[in-house]
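Report on the following structure.
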Amino acid sequence: MPKYKDISKVLVIGSGPIIIGQAAEFDYSGTQACKSLKEEGVQVVLVNNNPATIMTDTDIADIVYIENPTVEVVEKIIAKERPDGILATLGGQTGLNLAVKLKEAGILDKYNVKLLGTSVESIKTAEDRELFKRKMQEIGEPVAESVTVTNVEDALKFAKNYGYPLIIRPAYTLGGTGGGIAHNDEELISIVDLGLKKSMVGEVLVEKSLYGWKEIEFEVMRDAADNCITICSMENFDPVGVHTGDSIVVAPAQTLSDYEYQMLRSASIKIIRALKIEGGCNIQFALDPQSHKYYVIEVNPRVSRSSALASKATGYPIAKIAAKIAIGLRLDEIKNPVTGKTTAFFEPALDYVVTKIPRWPFDKFYTTDRRIGTQMKATGEVMAIERSFEASLLKAVRSLEIKAYGLRLDSVRGMGTKEILEDISVPNDMRLFYIAEALRRNIDIDYINDVTKIDKWFLNKLSNIVNMEKEIEENELSKEILKKAKRMGFSDREIATIKGIKEEDVRTLRKKYGIYPSYKMVDTCAAEFESITQYIYSTYCEEDEVETHDIPKVIVIGSGPIRIGQGIEFDYCSVKALWALKETGIKSIIINNNPETVSTDFDTGDRLYFEPITLEDVLNIYEKEKPLGVMVMFGGQTAINLTEELVKNEVKILGTSFKSIDISEDREKFSKLLKELNINQPKGGYALTVEDAKDIALKLGFPLLVRPSYVIGGQSMEKVNTLQELIDYVKHATEVSPGKPVLIDKYIDGREVEVDAVSDGECVLIPGIMEHIERTGVHSGDSFSIYPARNLTEREINTIIEYTEKISKALNVKGLINIQFAVKEGTVYVLEVNPRASRTVPIMSKATGVPMVKLAVEVALGKKLKELGYKGGLWPQTPYTVVKAPVFSMEKLTDVEVSLSPEMKSTGEIMGIDLSYEGALYKALEGAGLKIPKKGKILLSIAERDFQEAVSLVEKLQSLGYEIYATYRTGKYFSLMGIHANIMSLDHAIKLLKNGYFDAVVNTPTKGKKPDNAGFKLRRTAVEYRIPLFTSIDTIKAALNAVSKVNVNGLSVLSMNEYQEIQKDNVKNLVL
């Protein structure tokens, strides 16, 4: 049937900020859905409070609201825009939960808005654990023994009858939030108690553990006419018990017999039909390795992380098709955009193997528990495509950017066998490398299978890789051996390491033997039909299917997997760069390996190479394509770190030169430049050893700010207050960046200010100046930032402009540059310069309307800003305010210090925008989970150094009518100052916190970092029980200011289109 006649305007709910469990895959699917609806002539209204995604650009949806997706706000948008339908199944758990609330509040009926795609009844049946269990039993599909509980006592009764281990899964949550595996009563009580608080409906499922069974997933599509197809089967390398988001996943499933495959495929189709899901759906099964017995684990009645992986693995655009199904189209009426010939009612066929490996944040949080289980901890993932499992796995490993180019890691090889065997027995982020090492030490495959429950098929494949390592080690690098190694997926660098030679020697030998990669197309149909899209992967010793043409083209290097410090902001920049190249008539080529992102969609660039971002892989593509040059400024530190080696291999870098990048990244060279330019910088020095560091500390005094070179997200950056802290730090930092100097600066206790600019080497355009709410010493990615800056004098603003121009010209920047300043007592200091796209480019582009990435691309290609219609200097500031708030995923990462510091910890961000400053700040606080009520109970536990400053805070709290509670030392100090507070012990405060007694906690850390520290426990409890936590007095003061002055009903709900119209009037006099 054709699309619904009465649907001409659709409201799409976006997924909000990037958090563990709900990352960029929803931005990718949401973006694809918006484009898909517009293709059908539907007007699209979007609600999403994430400024970092391309989805919230006005190019994607027709009308964009960067507002918090709450029932109250969305009702206002519905009343204003009057959409005919609402699409919620592409916004992750945020979208689903909101759709259910809107329906239950009667808002959809009140405004006659049709819920498109899957109905609320179907969502509830899939998401509510008890309803789901009943539905499966009704259709004869097996589910594990389980009980839905709303209290701890019922969970303990179930445990008494069925024994341990048990798996706990809360209803209506994502990424396994609040779930876990309990092995005894104590663990069960703890997990269920927390899970009940995390569940939107106060329910958890307690089920008999199927730990050790195979976990198999099917991605299925269904339309309103009951047509169904399976898109892809996927197999988890790790058995049941590890969250699929934390598991290595292979597509198609590798170890199923044809009987097992058909059995689970039939069950998948039966389930999607019974649930009446319209669109995409992910079904997870547990399969007994010893029989054909299986259980249905769960169903996601929406596009999910696995859907994004299945889309990229097959080339079948699930979200695009799901959006068309939602407005009434049938699968056989929708064209497959990859082949251009077949319809979407066509099951994809794969003639290659896809491997996904999660990217965990443990390089940032080396104190956290590295074990993985039912609660997800990965921030992102990589995907690789090859012709065999071995080659696909090795390609994925080197895409992770964890300094692993194969399965041999020095840190693992130095471990004792007993330790290796212990680490194999528990799932953790390094288990793949431990298993490889066990195989090297001739540990029996049966034993490893028995301990890990990983299928022997996978273990035999790992054994093949280990045997190949041995063959390389023991023989001359003949043509045959090199060919065999390359075909198995070994990188030049790994072969060089095994042989103890240089990577370039292997590359030279490989070329001498005539061993080059061949490139293949992803076409959804195993080459049965010709592909019209350019979605490419490499392999060895096969026919090359990819033709190159002698036309102007440019390679954009992507940013790889999402991790803390390098999020989707960089994917936003890569996508904008590809579009800008297309506009100039130059063919755009992207190299990236992240299956969650828009940049790796089959039609974003003219050509997509789904490959690791390593020197070898980039050089191979460069030599094949022969482009005008390569752009590294949009791919974050991933691309920047490759620049030196690319230049050595005569690759032309478009934009700022490597020499300039090196000056800004090398702290010593950069300091010298600032001195020459007569620009203020914090006093400091450079240390290569602990002794150097001690000498500098003696000269400068404490506190000090210490950081290594060439890192992102402030990795390993700390504020140190004592000599011992400094010694411990330098020892660790030299491991992160060996041979690179450690920068030691005198800490400046001032306001932090940030600028993004576009430079053509002569003219410098500054779209705006952002001011941080928190003082220096908090990483810029973790600060609340305000645009336009509110507390700078005219003289300070002029100095910031002058310094930005001086530095941009001295470095001959051709493109984007980001500069961070500290301002103290009227003096402006330069803290850091990044001559590339920064994480604030998307939010500043949206706030000001300046197309920063487009200008940077044009400038890199040789144009001048004046030719493009822009003058230098500071762009007129907006008459509205934008506030960027960080969003953290700390509840998923146990034993991690949550207080703000120089090292970045946030996984995402949200934006508050309003005609008033207080309104924008209020929205930002609410979106970041830091909304405090106008009255309530506030707990304070303050470090001694902050006592004085806390007095004015407490006076403000009391004047606003809050009840003050304080821990002993804090309360005692307040008493001395004549301030009344209810005083209690920390242990009692933590107990009350768990029971939801307090409305907010203010805790500035003393020592921090140590899990046995009482303050650490207080902060962790606040995070785990979702109580607003403030670890900076600056943030809570700003929050009180917003809460006390804002009339919530008076907040403006304007679209970005309306804000941009307001700003256009502002700039008329500046544009040439």
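Placement of Cβ uses the backbone N, Cα and C atoms for every residue, glycine included.
The ATP 1 binding site annotation in Swiss-Prot covers Arg129, Arg169, Gly175, Gly176, Lys208, Leu210, Glu215, Gly241, Val242, His243, Gln284, Glu298. Taken from Swiss-Prot, the feature Mn(2+) 1 binding site applies to Gln284, Glu298. Here Swiss-Prot flags Gln284, Glu298 as Mg(2+) 1 binding site, drawing on sequence analysis. Per Swiss-Prot, Mn(2+) 2 binding site is recorded for Glu298, Asn300, and the stated evidence type is sequence analysis. The Mg(2+) 2 binding site annotation in Swiss-Prot covers Glu298, Asn300 and rests on sequence analysis. Residues or ranges marked as ATP 2 binding site by Swiss-Prot: Arg707, Lys746, Ile748, Glu752, Gly777, Val778, His779, Ser780, Gln820, Glu832. Taken from Swiss-Prot, the feature Mn(2+) 3 binding site applies to Gln820, Glu832, supported by sequence analysis. Annotated Mg(2+) 3 binding site per Swiss-Prot: Gln820, Glu832, in sequence order. Look at Swiss-Prot and you will find Glu832, Asn834 tagged as Mg(2+) 4 binding site. The feature Mn(2+) 4 binding site is assigned by Swiss-Prot to Glu832, Asn834, with sequence analysis given as support. Taken from Swiss-Prot, the feature domain 'ATP-grasp 2' applies to 671-861, supported by sequence analysis. Annotation comment: Swiss-Prot describes 930-1072 as domain 'MGS-like'. The feature region 'Carboxyphosphate synthetic domain' is assigned by Swiss-Prot to 1-401. Feature annotation from Swiss-Prot assigns region 'Carbamoyl phosphate synthetic domain' to 545-929; the stated evidence is sequence analysis. Annotation comment: Swiss-Prot describes 930-1072 as region 'Allosteric domain', evidence class sequence analysis.
This view paints the features noted in Swiss-Prot onto the structure.
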| residue | record | Cβ contacts under 8 Å, 6 or more apart |
| --- | --- | --- |
| Arg129 | ATP 1 binding site | Ser146, Thr148, Arg169, Ala171, Glu203, Val204, Leu205 |
| Lys208 | ATP 1 binding site | Ala144, Glu145, Ser146, Tyr162, Leu166, Ile167 |
| Glu215 | ATP 1 binding site | Glu235, Asn236, Asp238, Pro239, Val240, Val242, Thr244, Ser247, Gln284, Phe285, Ala286, Leu287, Ile297 |
| Glu298 | Mn(2+) 1 binding site | Ala126, Phe132, Arg169, Ile283, Gln284 |
| Asn300 | Mn(2+) 2 binding site | Ala126, Cys281, Asn282, Ser306 |
| Ile748 | ATP 2 binding site | Pro682, Thr776, Ala822, Lys824, Tyr829 |
| Gly777 | ATP 2 binding site | Leu705, Lys719, Tyr747, Asp749, Ser901, Pro902 |
| Gln820 | ATP 2 binding site | Glu752, Val753, Glu754, Val755, Ser780, Val830, Leu831, Glu832, Val833 |
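In the structure as shown, the Cβ atom of Val242 (ATP 1 binding site) sits within 10 Å of 25 other Cβ atoms. Within its own chain, Asn834 (Mg(2+) 4 binding site) has Ser664, Ile817, Asn818, Ile819 as residues 6 or more apart in sequence whose C-beta sits under 8 angstroms from its own. Site extent for ATP 2: among the recorded binding residues Arg707, Lys746, Ile748, Glu752, Gly777, Val778, His779, Ser780, Gln820, Glu832, the largest C-alpha separation is 18 Å. Glu832 (Mn(2+) 3 binding site): 18 other CB atoms within 10 A of its CB, across all protein chains. Classification of Arg707 (ATP 2 binding site) by DSSP places it within a strand.
In three-state terms derived from DSSP, Arg129 (ATP 1 binding site) belongs to a helical segment.
When the region 'Allosteric domain' (930-1072) is classified with DSSP, helix, strand and coil residues number 73 helix, 19 strand, 51 coil.
When pLDDT is averaged over the region 'Carbamoyl phosphate synthetic domain' (545-929), the result is 93. Cβ-based neighbour count (10 Å, all protein chains) for Gln284 (ATP 1 binding site) stands at 19.
His779 (ATP 2 binding site) falls within neither a helix nor a strand when secondary structure is assigned with DSSP, and so counts as coil.
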